[in-house]
Amino acid sequence: MSRGGRGGGRGGRGGGRGGRPNVPWDTGDEPDARPSELFPPYLVPTQKALSIAEKRGIQHLLLLRHQIHGGPLYTSKRTSLNDPTAPRKLYGQAQMNARYDVKNKASLDPFTAVPTYSSKFVREERALPDWTQRPVCRELFPTELLDIIDAAAAASTTPGTYKRRRLELTNISALPSAEEAFGMEGDDEGQGRNLLERLDAMKDEDGVEGGELEDEEGMEEEEQDEAYDDEDAGDYDAENYFDNGDEFGEDYGDEGDGEGTF
Amino acid sequence: MLVTKHAAELCALLVNDLYGELPSRILITLLTKGRSTIAQLVQHTSLTPRHLRNGLAVLIQQNLLYHHTNPDTNVISYEANPGACYNLVRSGKILEIVDRQHGTAERELVQTLMLLGHARIADLSQAFGSRAPKANGHTNGNHDSHNGLIESENHLNSVLGRLLRAEIIETVRPDSFRNPTDVHREIEDDVLKTALGEKTASKNKAESQRQIIDRFRTFRDQGKMLKRQLDATGGFVSKRRKLENGRAQNGHTYDEDAPQLNPNVVVRLNHERCLVELRNQRLAGFAADMLGEVTGEVYRAVLDLLTTNFSRCRPDVLLDEETISQQVAVTTVDILEHLDESINVQSGIGKASKDKIDSESAERVRTTPPDEDYDSDDSDAAPPGRRPVLRTFDIGDDDDDDFGEDDENSAGATNGDRETKVKFEGSAPPKDTRLSQLRQHLLLLTESKHQFIRHCGTFGRGQWTVDFTQLMERLRETELDAMIEQCHGRHGLRLTRILREKGKLDEKMLPSAALMKKGDVQGKMLAMQMAGLVDVQEVPRDNSRLANRTLFFWFFDKERSQTQALDDIYKAMVRCLQTLQVERHKERNILSFVERKDVQGKEEEVMTAEHYNKYNMHLEVQSKLLGQVMKLDELVAVLRDY
């Protein structure tokens, strides 16, 4: 009770003195307490046009990125969980990591999981880097990582038996530009060369990993596609399913007659 | 290097974009949790040990980690290297500048090294050696040697040697993967332990300090051992690319008899040296903005010459070495030789009549860098009214025939009383004229308020040097000013400049000093305080500590506002990259389509104009966003690295 009284007293004294103390930030006018505008006019600064050097720098960066992505050490597992536009559920990084590279029914995307013919052209996703294609400098890595990066060398006990890996340069030398990708490029020669390169690349890759099998599958699928092709309104055409009621009757009649006569 | 939250996010995003998800997930944990072992990482990331090891190995391959094996316990700990991670954003710029300064072949090698992280010379030469015949067989004749790419093992060898001598490439040893701070501490412990037996007198202390610095320097310079050897043997004459002339030679002329490099050496890119080159470009751009294109080019030549032996922009804090003690200087004649022939030095200089020029003060030789506080009385030697107006002096305008005379008494008193000759535009200017015009540009650079160069001697028609520390300080100030003006307007800038000049200033003085209304000043100051640019200190006049008996001092903390600005920039960069991610996700169908291996063959069937337009638009957005990131990086470099 005494506390309450004291508190009240102090409040009264403060209020009772009246007038504001003379402080340097007091300008005499009341602060503007009106609510601010919901969308105040805002001048959006725009970027200056990029200089040639900057553009070249960006092109170099993008090409490097493209090359790295084509290399054996790039890992990505872009699942639908990783949609940046979706509202983010904050499970925490640890929980996201626990799902990394887990293949089960929940992690499948029902729309893309069924293999199709064209999926053989899509760049495969890799959850773990592929160390078999790179020569590594063993002395620079800590000992506990050696059997990961250089499994073959770790397995072979005698030093002579292990065959040295060869470093391969990337064969990606240009970015896919819109003209190229969509065939709007003017000069035929360049296009032809690119096509050749591309075919070569496909041969290499398919040759190694059972391309024939894939091809067969692809063929089958294509055949099936043709069988079920509904190019001219197809095999299920509800209105014309029974060609014509009359004809049917006639046919039936005819047949019936024929049967009868036999 | 301490990292803020935004810097850590930025590093993880960059690694995610370039090297994939797995390394990035590990990296962000290492950045937030600090040095860890694999067992600890398993706990923090909930990734399996197998995944972790793979990811860590990728990070080490790309030089993004420090790791250390404790020799006693055999425990291996890993630590993120945020500087290296941040440098990824500069990859494009570095490639661009290497391409411009050194040549296409050099650029290709640097790009390959960026791709591989680090590589053994034997592997590189094998790879480049085996590539050439294959390319030949493919499209005979189409593989033209004019594109300047690396053609043979020999070519690679010479390119590699040149880059090693230019310090753009350094050698890697197991020690390079240790945190330099750790090494420093270890050396310190070691030195102090042996010295423990004796009494630690002050003399001893200085001695051990010197020992520590020596040993750390040898550790740091180990990457440049190979460069030293090459310097000693004199192989690989470093050849700078001059724009037109160099290009023709570059493809073919490489010294066949270049010494073979040790194939077992592992090499990687040296970002510190690249930063020096980037800084040169930035400064040249700054000068070009201030004084004009041609002057910028001249300045670029000066910087190129001056910084050939610089291995880093700032002195190492761990070495606490003073700034480069003996100043390097270049002479006007050297600059003229180095300057590209195609640059027309005639343009970009203004004209002024003789009586408006105080040649004595313009040609004054300053042998020591000006002190910061001494700055104002620096000009007292010249009478106030006679200081030359910026861009309007041409002492050497007509001295094309009395150059010798001008050399002796560079004050040029005899020049003043002659009439200006009529020049014939068509005739090719003799070399001498070119030299004197070049001098005009150099004097212009000296005379600028930013003091780009300093005239430090008269030998060889004038010696010139650059005080990098002071110059960068001014550039930093300019950038910060621009940023403040952008955010808080003209008045905010005025207030911060007043505070910078006066130090701490009483709140009551501020409105009169700034010639602003009291209310305006207070509003501005509060806004700036909230932004972290200025702060207030309260000093009570007596014990009562009443508000009206208290003095309020405003002050501007430069250090803090710089770090604040840096963090803001990191954040902006993160936002740009995140926006780019979203954009990529939006267009993922088209992008994955473009990446398909078969697209080239079937474009007629699959191509639609709608997709084409969308893809083009996406590329535009991408380059805009990346361009913004690069511009922000420029700012980061100025504020933090240069």
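Cβ atoms here come from the backbone N, Cα and C positions, even for glycine.
Per TrEMBL, the feature compositional bias 'Basic and acidic residues' maps to B:352-366. Each residue in the compositional bias 'Basic and acidic residues' (B:352-366) gets a DSSP state, and the totals come to 7 helix, 0 strand, 8 coil.
Summarising the annotation, TrEMBL assigns compositional bias 'Acidic residues' to B:370-380 (among others).
Annotation comment: TrEMBL describes B:395-409 (among others) as compositional bias 'Acidic residues'.
According to TrEMBL, the feature domain 'RNA polymerase III subunit RPC82-related helix-turn-helix' maps to B:9-66. Averaged over the domain 'RNA polymerase III subunit RPC82-related helix-turn-helix' (B:9-66), the predicted model reaches a pLDDT of 90.
Per TrEMBL, domain 'RNA polymerase III Rpc82 C -terminal' is recorded for B:160-475.
Per TrEMBL, domain 'DNA-directed RNA polymerase III subunit RPC3 winged-helix' is recorded for B:481-555.
If you look up TrEMBL, you'll see B:348-432 marked as region 'Disordered'.
Assigned with DSSP, the residues of the domain 'DNA-directed RNA polymerase III subunit RPC3 winged-helix' (B:481-555) fall into helix, strand and coil as follows: 43 helix, 15 strand, 17 coil. Secondary structure of the domain 'RNA polymerase III subunit RPC82-related helix-turn-helix' (B:9-66), assigned with DSSP and counted as helix (H, G, I), strand (E, B) and coil, comes to 45 helix, 4 strand, 9 coil.
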